[in-house]
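Trainee: As listed in TrEMBL for this protein:
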type     : residues                                                                                          : note
ACT_SITE : Lys68                                                                                             : active site, for sulfotransferase activity
BINDING  : Lys68, Gly69, Gly70, Thr71, Arg72, Arg151, Ser159, Tyr259, Lys274, Gly275, Arg276, Ala277, His278 : 3'-phosphoadenylyl sulfate binding site
DISULFID : Cys260-Cys269                                                                                     : disulfide bond
DOMAIN   : 59-298                                                                                            : domain 'Sulfotransferase'
SIGNAL   : 1-20                                                                                              : signal peptide
Amino acid sequence: MTLLLLGTVLLVAQPQLVPSHPAAPGPGLKQQELLRKVIILPEDTGEGAATNGSTQQLPQTIIIGVRKGGTRALLEMLSLHPDVAAAENEVHFFDWEEHYSQGLGWYLTQMPFSSPHQLTVEKTPAYFTSPKVPERIHSMNPTIRLLLILRDPSERVLSDYTQVLYNHLQKHKPYPPIEDLLMRDGRLNVDYKALNRSLYHAHMLNWLRFFPLGHIHIVDGDRLIRDPFPEIQKVERFLKLSPQINASNFYFNKTKGFYCLRDSGKDRCLHESKGRAHPQVDPKLLDKLHEYFHEPNKKFFKLVGRTFDWH
C-alpha cells in the first residue's frame, strides 16, 4: 500500500505525569518531535486498503511482558474489545537495535490501521527484561499505559524451558534436560537466563525509574488462566475502555484444558503451542526453585503493594 506523508497532525492533549526519573534528552526525543509532524494515511482504496478515516498510530498501550507469562492470551482476550486494535506480531522495536535504529517512522508502519476512537496495542514480552527499553519507551511517550502479565516465577521457568525444548525438537536439534541447565556443581545455575527472567523485582525496579506504578497494570497470569473474565475487567478499567467484554466471551475447553474465546458466535482457541505440558521435574529441584525465588518475590510484593499466590 502506498503511504502518503502529510505535514501536520493535531495531537490530543494528555495530562503529563511526572515520572520518578525523567529520561535524558537524546535521539528518542528528536524522533518523538518528528512523529508530531507525521501521520500515515492510505492513499488508495483498492483491495487491502484501510477503511476511510483509519490511520496507523503509535501504540497508546504496550504489553511489555513477561515472556511465558501469558502475553498472547492477554492480547487475544483484549482484542475482543471493539475499541482495541492490536499489532499482529511481536515488533521488537525497543529491544532490537536493528529495528530501533530505523526510528519511530518504521515503528509506526508496524502498527495496524485503526479508527480514531480505537486504542492501538502492541506486545513484545522481551521488553520487560531488556535494560534499555523503559527509557526508550518513556522517550516516545511518558504517559503511555503499560500492561505486565506475570505468573508464578518457578512455573514461568519451566514454561520457558518447554518452549525452547520444543523449538529445538521441531528443528531436529538436541537440547539438554532441564536438570542440566538448572543445576551446576550441585547448586542452582544462576547464569541460566530463564531464572533471570523470573526475578521480577530486579526488572521492575528499572521500569519504576521511568514510569510511576500507576501507569503499569500487573495482570495475574495464573488467575487469567483459571478465571479470565475478572482479570480482563480490571484491564478494561485500567485502559479506560467501556465494559464491552463479557463472561459469555469465554468458555472452558475440556480437551485443551484451558479457556477459549467466543466472539460474534465464532469460537477460537490459542495456538496448540500454548498450554504445553511441562517436563517432569524432581520435587527436590522444585523446592530449590521455590526457595531461590522466595526472597525476590517478597521484595516484589512490597515494591508493587500487592501479593500473588506464588510458592
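The backbone N, Cα and C atoms fix where each Cβ goes, glycine too.
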Trainee: Let's check the environment of His278 (3'-phosphoadenylyl sulfate binding site): how many other CB atoms sit within 10 Å of its CB?
Mentor: 13
Trainee: Given the recorded positions Lys68, Gly70, Arg72, Ser159, Arg276, His278, tell me which ones have a C-alpha lying within 10 Å of the C-alpha of Cys260 (disulfide bond).
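Mentor: Taking Lys68, Gly70, Arg72, Ser159, Arg276, His278 one by one, none has a Cα falling within 10 Å of Cys260 (disulfide bond).
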Trainee: To the nearest Å, how far is the Cα of the residue listed as 'active site, for sulfotransferase activity' from the Cα of Cys269 (disulfide bond)?
Mentor: 17
Trainee: Taking the Cβ of Gly70 (3'-phosphoadenylyl sulfate binding site) as reference, which residues of that chain separated by at least 6 in sequence fall under 8 Å from it?
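Mentor: Gly70 (3'-phosphoadenylyl sulfate binding site) has long-range Cβ partners Ile149, Arg151, Val219, Gly221, Leu224, Ile225.
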Trainee: May I ask for the distance between His278 (3'-phosphoadenylyl sulfate binding site) and Cys269 (disulfide bond), taken between their Cα atoms and rounded to an integer number of Å?
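Mentor: Rounded to the nearest whole number, the Cα-Cα distance is 20 Å.
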Trainee: Quick one: pull the CA-CA distance for Ser159 (3'-phosphoadenylyl sulfate binding site) versus Cys269 (disulfide bond), whole Å only.
Mentor: 19
Trainee: Tell me the Cβ contacts of Arg276 (3'-phosphoadenylyl sulfate binding site) under 8 Å, same chain only and six or more apart in sequence, or just say none.
Mentor: Ser159, Thr162, Gln163, Tyr166
Trainee: Return the count of C-beta atoms lying within 10 angstroms of the C-beta of Ser159 (3'-phosphoadenylyl sulfate binding site), excluding that atom itself.
Mentor: 20
Trainee: Sorry to bug you, but what's the C-alpha spacing from Cys269 (disulfide bond) to Arg72 (3'-phosphoadenylyl sulfate binding site), rounded to the closest Å?
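Mentor: Given the Cα positions, Arg72 (3'-phosphoadenylyl sulfate binding site) is 11 Å from Cys269 (disulfide bond).
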